Amino acid sequence: MAHVELLNVSKTFALKVKGVQRHARALDSLSFNVDKGEIVALAGPSGCGKTTALRIIMGLENASSGSVKVAGRQIAGCGFDRGMVFQHAELLPWRSAVENIKFGLEMKNLPQKEIDERAERFLNLVGLGHAKDHRPHQLSGGMKQRVGIARALAIDPEVLLMDEPFGALDSQTRETLQMELLDIHQRTGKTVIFVTHDLDEAVLLADRVVVMVGGHLREIIPIELERPRSDMRLIRSASEFARKRTMIWEALHEPAKPHELAA
Amino acid sequence: MSITETTTRAKTAKEQTSVAVEKAWSMPDWAITTVSLVVLIGLWQAAAPFIDPLFGSYPSQIFSSFLVMMESGTLAKAFWQSIQPFFAGYLLAALIGVPAGLLLGRYRVAEAALGIYVMAGYATPLIALVPLLMVWFGLGFAVKMVIIFLLAFFPICINTWVGVKAVPKTLVEVGTAFCAPQSRIMRQIVLPATLPYIMAGLRLAIGKAVIAMIIAEFLTAISGLGGIIINAANSFRTAEMFVPIICVMILAVVLDRLVAWLERKVAPWQSEIAGEHA
Ligand SMILES: Nc1ncnc2c1ncn2[C@@H]1O[C@H](COP(=O)(O)OP(=O)(O)O)[C@@H](O)[C@H]1O
Ligand SMILES: [Mg+2]
């Protein structure tokens, strides 16, 4: 059974433009499944509805129509079964690194001892033991994002949702974090849905890439690269890597299909 | 003198001034403030021969008045009289103003139902209500406290309200994403994110409360520091009049520093992120 199921999810935003009420269709009948332990990338140009889809799966936004199921159950708002990593980390500026990781654990009402123990463990998991008491403004972009990832992982969600988590980082930091994510996934077997507009990143990390254009599903492209994908050089030079990268590129640049124009 | 010589000279001169400027810049804040005060008081004292003691006064004269009033105990008594309603009114304003502002900012219904009264209350010259307040609360402690409360409440409440409005939506969403109930979003996200605004409101309110205190003492039962001002002014004892005025100034500045210190204690991240001086 699929772990996360989207069925005909649509989202229309009402917005005012220069005082005139308008409607914007951000998602149009989006359907796809994610299996347990799978990494699925949502890829597509800016504004195609990736963030909206992820926010709906998280429960931060209600779909206008359609359904989202996690582990077979229709979602109703947020839940500890899903953990969110935000695009810009969104750490609480008054909390230190370790206190930020504790946030979700506190909301989960765990006993204090377990909160302390788990926060410490996940702080070390993302390699920030040395920056435990630093406040967000004392952390680099990459470190902030690490704390964001640890905060989401600490509540032990079944599904990790990530919105362009490495989008704002320099390429070296991004590569390091990509490898760390692969490593964490290897060890925890979490289901991961992440948003990216970076085709390399999509191919590198994902089992399948959901290509979206203008709120529509364009194509789902499976990536047949062996796991664990720990050797970046080997993966990047694999013919599958180049082939799939090209396929995604082509899917993105195909002319719109008739049903996509309807909206 | 050759051209090179001139330029070298000019350069050293420039370097010297820049070193001097840098030295001034590296003086600690309190030292700069002290120098400024000494200069001001010195200039004022130097102007003494030109000041008619009926229409003005100068530092040495004010200081001797101060000593006389300390000796007789009138100053301490007046200060104590003033400070009681001041703190009662101010603390009440903080205690009610902050939660009220949080609710106004966070809940649409509260804002739509009550926001208009808060705006109206802020815009109204509340001093105009003093005669009515005297009918309700008499001439003593209660009415003074109420006047101080009214003037201090609105800046605190409105600042908090504006602060809540300025909390980034994304931070509140972090709470939502981790299933935080409303009460914890309020306490653990909205409140800390609003603290800098609350502190700014508390500082603004000090000024308002000091004004309210003096006006209350002018208009209701004449008492306290305001009472001394009015009585001294009426009998043209100008130096004596300046003593409580300066006391009030010192009180306001000390309290302002106190709240600023409190802000650094409760919101240390804020001063680390913002407020770098040139
Ligand atoms: N809160 C909102 N109000 C109105 N329109 C929105 C809102 N959020 C997103 N949109 C619109 O929905 C579309 C998809 O946005 P988004 O999901 O953020 O795209 P992506 O993450 O792929 O860049 C965009 O056209 C955007 O303008
Ligand atoms: Mg986005």
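Placed from the backbone N, Cα and C atoms, the Cβ positions cover glycine too.
The following features are taken from TrEMBL:
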type	residues	note
DOMAIN	B:79-259	domain 'ABC transmembrane type-1'
TRANSMEM	B:30-50	transmembrane segment
TRANSMEM	B:86-104	transmembrane segment
TRANSMEM	B:116-139	transmembrane segment
TRANSMEM	B:145-164	transmembrane segment
TRANSMEM	B:185-204	transmembrane segment
TRANSMEM	B:210-230	transmembrane segment
TRANSMEM	B:242-262	transmembrane segment
Requested in this report: Report the listed stretch (B:86-104, B:116-139, B:185-204, B:242-262) having the maximum count of Cβ pairs within less than 8 Å of the transmembrane segment (B:145-164).
Outcome: B:86-104
Query raised in the report: Is the number of Cβ-Cβ pairs under 8 Å between the transmembrane segment (B:242-262) and the transmembrane segment (B:185-204) three or more, considering only pairs separated by 6 or more positions?
Result: yes
Report task. Mind checking which residues of the chain, 6+ beyond the ends of the transmembrane segment (B:185-204), have their Cβ under 8 Å from one of its Cβ atoms? Result -> 94, 97-98, 101-102, 105-106, 155-160, 162-164, 166-168, 171-172, 174-176, 256, 259-260, 262-263, 266-267, 270, 274
Report summary line: Same-chain residues at least 6 beyond the ends of the transmembrane segment (B:30-50) with CB under 8 Å of its CB atoms are 58-61
